[in-house]
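Note sheet for the following structure.
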Amino acid sequence: MTGVKIGIIMGSQSDWSTMREAASILDELGLGYETRIVSAHRTPDRLWDYGKTAVERGLQVIIAGAGGAAHLPGMMASKTRVPVIGVPVQTRALAGVDSLYSIVQMPKGFPVATMAIGAAGAANAGLMAAAILANSDAALAQRLDDWRAALSASIPDEPSDD
Ligand code: RP5
């Protein structure tokens, strides 16, 4: 076991600009993670090995982002019982609706917790992973509560012209 509880995986290097939003949130909350490029189509053996070893390596949450024919999150959920949070990466051709549909409509039995398309979805995936781990980590729960309170406090009461 490596001690790392969160895996951030993505189908391509091109997904990193989106998936780094998840990593940034985890950095803010002081949570460690690993990052890997794991493609359902280009590196299926890597996907298989990652899913097969996830439990024994101590992973507790997997954040999986992919675009287009985005089979990575669902295939990973088929291979491991570690909760998978899916991030539909925004595509140029179909604006990420293809990614969303590829991830969200899982058959009964193998759920993927699907986030919004793009950067907001990736950031929320980080927050969701933190919330899951916070159930058994009081210090993290406090940091997450503080993060949420700071966000609320940053929202102005009224709009401005600036
Ligand atoms: C998917 O195809 C990846 O997740 C990525 O979002 C998309 C395009 O990949 P590249 O052609 O940029 O490598 O598998």
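Just so it is clear, glycine is given a Cβ too, placed from its N, Cα and C backbone atoms.
Residues annotated as domain 'PurE' in TrEMBL: 4-155.
For SER12, ASP15, ARG42, the entry in TrEMBL reads substrate binding site. Less than 8 angstroms from the CB of ARG42 (substrate binding site) sit GLY11, SER12, each of them six or more residues away in the same chain. According to DSSP, ARG42 (substrate binding site) is assigned to coil rather than to any helix or strand.
Within the same chain, the residues at least 6 positions away from ASP15 (substrate binding site) whose Cβ sits under 8 Å from its Cβ are GLY65, ALA66, GLY67, VAL89, listed in sequence order. Those residues of the chain, other than SER12, ASP15, ARG42, with a C-beta within 8 angstroms of the mean position of the substrate site C-beta atoms are MET10, GLY11, GLN13, SER14, ILE37, SER39, ALA66, GLY67.
Across the residues annotated as binding substrate (SER12, ASP15, ARG42), the two Cα atoms farthest apart lie 14 Å from each other. Taken residue by residue with DSSP, SER12 (substrate binding site) is part of neither helix nor strand, so it is coil.
Its own atom aside, the Cβ of SER12 (substrate binding site) has 17 Cβ atoms within 10 angstroms in the protein chains shown.
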